[in-house]
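Trainee: According to TrEMBL, the protein has these features:
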type: BINDING; residues: Ser59, Tyr128; note: Fe-coproporphyrin III binding site
type: BINDING; residues: His191, Glu286; note: Fe(2+) binding site
Amino acid sequence: MPEALDATPYDALLLLSFGGPEGPDEVVPFLENVTRGRGIPKERLKEVGQHYFLFDGISPINDQNRTLLDALRKDFAEHGLDLPVYWGNRNWAPYLTDTLREMAADGRRRILVLATSAYASYSGCRQYREDLAGALAVLEGEGLGLPRVDKLRHYFNHPGFVEPMTEGVLRSLAELPEEVREGAHLVFTTHSIPVAAADTSGPAEGHGDGGAYVRQHLDVARLIAEAVREETGTDRPWKLVYQSRSGAPHVPWLEPDVCDHLEELHGAGAPAAVMVPIGFVSDHMEVLYDLDTEARVKAEELGLPVRRSATVGSDPRFAAAVRDLVLERAAAESGRRVTRCALGALGASHDLCPVGCCPARTPKPAAAGTDSPYA
Ligand SMILES: CC1=C(CCC(=O)O)c2cc3nc(cc4[nH]c(cc5[nH]c(cc1n2)c(C)c5CCC(=O)O)c(CCC(=O)O)c4C)C(CCC(=O)O)=C3C
Ligand SMILES: [Fe+2]
């Protein structure tokens with residue numbers, strides 16, 4: 001056995017994710033959960049429902065999280081880190097509130113949360129903190145003793161997140177026909193969000209110009225593009241583009257859309273492209289439908305050879321990165337010496353979201369931040 005690792009003061013890790021349907025009967029109730037009070041047009045919902053029905057109503061996201069849980073437990077056990085790992089979702093079973101109740105019943109008092117979103121944004125960060133506050137409020141209403149909940153910092157620039165994706169791009173390039181490989185463009189893609197939400201993402205001092213959301217993605221894209229150049233000796237043009245837009249058409253969202261960009265690349269004579277889904281942790285529906293189905297059809301129509309590179313999923317390097325982040329935060333919380341691992345120009349993100357970080361349009365209590373009502 002390796003020497004035991006010390007996660008004190010924490011006594012559990014909670015994987016917090018989006019959730020997804022696992023059968024045709026679950027699609028509509030799932031979409032109702034996702035969109036409750038969010039003003040997404042009915043047309044968009046029907047369309048997104050169709051995406052799920054194309055895959056028998058089954059989103060792969062839950063199985064991917066089950067696999068990630070296994071990878072985390074295996075990594076922790078192999079490294080002598082004695083920390084139980086739980087899983088709860090925002091929009092589908094196992095629901096966060098039920099998991100948190102179970103954790104409280106198991107006597108967990110200090111919980112560290114890993115959200116399956118690597119970047120700062122309302123949807124990827126504060127909304128998960130609101131979910132935690134909502135679940136804590138339910139437990140409080142039931143008269144249960146509340147555990148203290150902290151959230152791991154953003155991990156977009158951790159080498160255990162960036163390196164598996166870089167390797168994925170190299171694999172995708174190798175799969176392209178040799179005659180177009182050299183000239184292939186890199187198309188980094190992430191979830192579009194409203195421009196107003198992007199501009200206010202991250203801490204207040206960095207608001208504007210796409211905020212932390214766009215800056216963090218640009219940093220990861222540049223890191224991967226540079227690593228690929230070093231590995232292949234070819235300096236490929238690259239761009240950050242967006243996918244999966246929803247919302248009303250008159251509200252500006254981040255652009256260009258990945259399909260429009262493929263069209264533009266083709267028009268400008270690019271011989272091939274690799275789509276690199278840096279915004280996502282696993283190959284869930286946004287990757288499977290919006291890239292592997294919709295964007296691929298677009299590329300085929302254009303006659304543009306494309307490949308889609310891998311997300312980190314349950315790569316052992318990602319599991320190791322989570323262990324590293326857990327130990328980093330545990331050290332910080334208990335006044336031990338801290339080493340913060342981060343690539344790129346932005347450095348390691350904050351542990352605690354400050355007031356005004358990724359604000360909601362309608363303010364709501366959020367846990368695991370400076371303004372948490374649950375200390
Ligand atoms: C930034 C971001 C991430 C990445 C960070 C993270 O992972 O959290 C993400 C992930 C995901 N989004 C997902 C699914 C959906 N997102 C929707 C709607 C929206 N997403 C938004 C943003 C994001 N979303 C936004 C600004 C909206 C508009 C309305 C709102 O603010 O709510 C809708 C409603 C219909 C539609 O408009 O498309 C659905 C069904 C799934 C599950 C996939 C599966 O089932 O495999 C996952 C992982
Ligand atoms: Fe935030």
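Glycine residues also receive a Cβ, built from the backbone N, Cα and C atoms like all the rest.
Because TrEMBL annotations are produced automatically, they should be read as predictions rather than curated entries.
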Trainee: By the DSSP assignment reduced to helix, strand and coil, which category contains His191 (Fe(2+) binding site)?
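Mentor: Reduced to three states, the DSSP call for His191 (Fe(2+) binding site) is strand.
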Trainee: According to DSSP, folded down to helix, strand and coil, what is Tyr128 (Fe-coproporphyrin III binding site)?
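Mentor: In three-state terms, Tyr128 (Fe-coproporphyrin III binding site) counts as helix.
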Trainee: How far is it from Ser59 (Fe-coproporphyrin III binding site) to Glu286 (Fe(2+) binding site), counting Cα to Cα, in Å?
Mentor: 10
Trainee: Between Tyr128 (Fe-coproporphyrin III binding site) and Glu286 (Fe(2+) binding site), how many Å separate their Cα atoms?
Mentor: 19
Trainee: Name the secondary structure element type, per DSSP in three states, that contains Ser59 (Fe-coproporphyrin III binding site).
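Mentor: Assignment for Ser59 (Fe-coproporphyrin III binding site) reads coil.
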Trainee: Which chain-mates of His191 (Fe(2+) binding site) that are at least 6 residues away have a CB under 8 A from its CB, listed by sequence?
Mentor: Ser123, Tyr242, Gln243, Ser244, Gly279, Phe280, Glu286
